[in-house]
Amino acid sequence: MKTAAPPFIPDRTQENLLLFSVFFVAAPHLLNLRWDIVLYFCLMAAWKFASGYRPALQPGRLLLFLLTVAGAALVYVDYHRFYGREAGSSLFLVGLGLKLMEMRNRRDVYLVVYLAFFVALTQYLFSESIALAVYTLAAVGLLFSVLVGLNAGPVLSLKARFKLAASLVAQALPIMIVLFMFFPRIAGPLWRLPDEPTIAKSGLSDTIEPGSVSRLALSRERAFRADFKDSPPPPVERYWRGPVFWHTDGKRWTLTPERGKNKVQTAEFSGPAYRYTITLEPQRHRWVFALDLPKVIPGDLSQTPEYLLLAQGNIGERRQYTITSHSKYRTGELRSEERDRGLQLPETPSLQVARLVDGWRRSSSNPRDIANKALLHFKEQPFVYTLNPPPIRDKQVDTFLFETRKGFCEHYATAFVYLMRVAGIPARVVTGYQGGEWNPVGKFLEVRQADAHAWAEVWFSGQGWTRIDPTSAVAPHRIEHGIDLDRQMADQEVSFNAMERTLFGTQFDLQDLYFRTRLVWSSIDHAWNQWVLTYNPENQKRFWNALGIVDWRGLITWSVSLLVFCGILIGLWRRPRLNSRPGDPVMTAYQRFLKKLAKNGVTKRTGEGPRDFGARAASERPEAKVAIGAITELFLDARYGRQIAPGDVERLRRRVKAFRI
């Protein structure tokens with residue numbers, strides 16, 4: 001015959017700790033899920049808290065059924081399904097709130113705690129930051145303290161529960177690290193989420209129009225980090241190549257799909273080689289970025305004839321790849337198809353543009369001289385490099401060149417390419433990133449979305465496609481020193497660094513402290529990404545090779561040795577605690593009581609029980625008979641009683657502390 005679950009004994013401290021722990025676990029989801037789902041969960045938790053003080057508020061079965069239907073309806077109305085990242089996490093959160101309301105016995109408490117563990121796990125579907133990892137570790141410790149209190153009962157104080165839970169987590173950490181580093185990793189996840197609706201991600205677009213690059217200029221969002229094997233290139237050579245644009249309708253530049261199977265022409269490389277590893281953040285496109293121009297690329301990346309690197313699919317998660325690039329290069333001959341695309345114009349140039357270009361061509365027929373004339377025009381005329389250019393409705397190039405003369409990098413790059421095409425020189429627009437902030441702590445280069453940039457490539461006979469950046473003619477500090485994002489965000493206008501900043505400067509103020517703190521935190525975050533988030537089979541194999549592990553025997557030897565070592569350390573750490581039993585406050589208080597009696601000549605005999613000893617002590621010290629009897633009864637109830645009232649342990653402590661003879 002199946003026995004009924006034991007009744008749940010309400011312990012106010014235990015129940016409040018459970019509610020606090022559950023809310024603490026669910027708190028990050030307050031920023032991830034819809035407001036009505038969050039409100040539903042908060043109402044369930046508040047209702048449960050109130051019903052603990054007023055049992056009449058505890059809902060019946062019919063009301064619980066209606067609440068369940070309402071919660072499921074909320075999820076479906078919000079997401080139109082019950083699976084996926086947001087919908088599935090919402091369903092877990094709704095279920096956690098309902099289980100709190102249904103909690104009646106010990107089994108229900110266990111289910112609430114285990115469901116809370118799953119809710120904590122779903123948070124990693126939204127973020128994998130080190131801050132969330134630390135937060136989740138604290139949440140797990142809180143849930144363990146609930147389990148400790150549930151098994152030990154009120155004999156353990158709140159402090160003792162936290163201490164024991166922290167001890168359990170601390171003992172598990174080294175074992176977890178060993179298994180993480182040495183357990184063979186599988187290429188790719190064991191499971192994946194169903195396709196989610198498009199999630200907006202900051203980054204470069206597959207079109208260029210006024211504002212498409214400048215809208216990123218105030219974004220602190222990271223694009224990627226680059227670790228160089230040796231020294232990085234100087235700032236003026238930090239061009240990170242991205243999409244290449246050929247076609248324009250006069251207002252917008254778009255990517256042109258490849259026609260046929262044109263092979264990548266082999267380039268001639270010279271100058272220093274830069275070998276580096278990029279940690280690329282998730283984005284909504286296939287393209288990946290490389291220092292202009294890549295020479296050696298990984299096998300899982302492909303290269304277009306425009307030297308753009310492509311992954312096999314959209315970059316939905318953070319990934320690493322290693323590339324070797326040269327800043328000096330010469331590309332191959334110009335194909336006829338490329339010439340046609342590089343000279344495409346949306347319409348016949350205006351009279352003003354034609355006169356301007358004809359003047360350059362009359363002075364020299366050399367394409368290089370014409371390009372230099374165009375750069376000189378941008379430099380000598382009152383052009384302004386700004387984040388907030390006036391809007392242009394039509395005749396984009398003419399209005400920019402002869403009227404507003406204010407723009408961001410995309411304005412100058414597209415106008416320059418247009419002028420080159422009018423002059424009969426093949427040209428195209430390249431987007432990507434320029435510059436990056438050097439981190440002297442972690443020794444890496446950090447490129448943010450604010451470093452997004454656009455430049456031109458012009459084809460010269462004997463040299464091939466040559467990079468020309470018209471922005472350097474208008475705002476040379478943008479290329480030489482990069483942007484000052486802090487000032488740029490404060491002023492809402494373009495700001496440049498006076499020099500490349502270092503960790504230890506000559507001045508120290510709040511701004512300098514913020515800068516140093518940001519560098520240190522960025523280094524910690526980068527190490528987290530490298531050693532945890534991108535610890536894939538290839539990185540694991542490199543780590544094993546560094547330890548001399550070449551086969552499964554070495555792997556087993558290292559793993560077992562480290563696990564045994566962790567076990568020995570845990571045993572040595574726990575040994576004195578096991579002997580002293582610091583987690584039993586009842587025995588600790590009673591031992592203090594025995595010591596006070598022993599100082600007054602009343603010593604407990606071997607084999608003498610607490611009740612017999614209490615009677616003998618009361619007869620030998622009749623002046624303390626009442627106090628001895630009360631302490632003895634409190635100890636027996638707290639130690640051996642079937643049910644312990646929450647205040648018994650504290651009353652025993654106070655009695656022993658006040659005991660005097």
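Cβ coordinates are placed from backbone N, Cα and C, and glycine is handled just like the others.
Per TrEMBL, the features are:
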DOMAIN    401-472  domain 'Transglutaminase-like'
TRANSMEM  20-47  transmembrane segment
TRANSMEM  59-77  transmembrane segment
TRANSMEM  108-126  transmembrane segment
TRANSMEM  132-152  transmembrane segment
TRANSMEM  164-183  transmembrane segment
TRANSMEM  555-573  transmembrane segment
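Sequence-distant contacts of the transmembrane segment (164-183) (same chain, at least 6 residues past either end, Cβ-Cβ under 8 Å): 137, 140-142, 144-145, 147-148, 156, 532, 535, 540, 543-544, 555, 558-559, 562-563, 566, 569-570, 573-574, 583.
Only sequence-distant pairs (6 or more apart) were considered; of these, fewer than three Cβ pairs between the transmembrane segment (59-77) and the transmembrane segment (108-126) are under 8 A, so the stretches are not in contact. Counting same-chain residues at least six beyond the ends of the transmembrane segment (20-47), those with a Cβ under 8 angstroms from any Cβ of the stretch are 57, 59, 67, 70-71, 74-75, 78, 86, 89-90, 93-94, 96-98, 100-101, 112-113, 116, 119-120, 122-123, 126-127, 132, 135, 138-139, 142-143, 145-146. Residue counts of the domain 'Transglutaminase-like' (401-472) by helix, strand and coil are 23 helix, 32 strand, 17 coil (DSSP-based). The average pLDDT computed over the domain 'Transglutaminase-like' (401-472) stands at 91.
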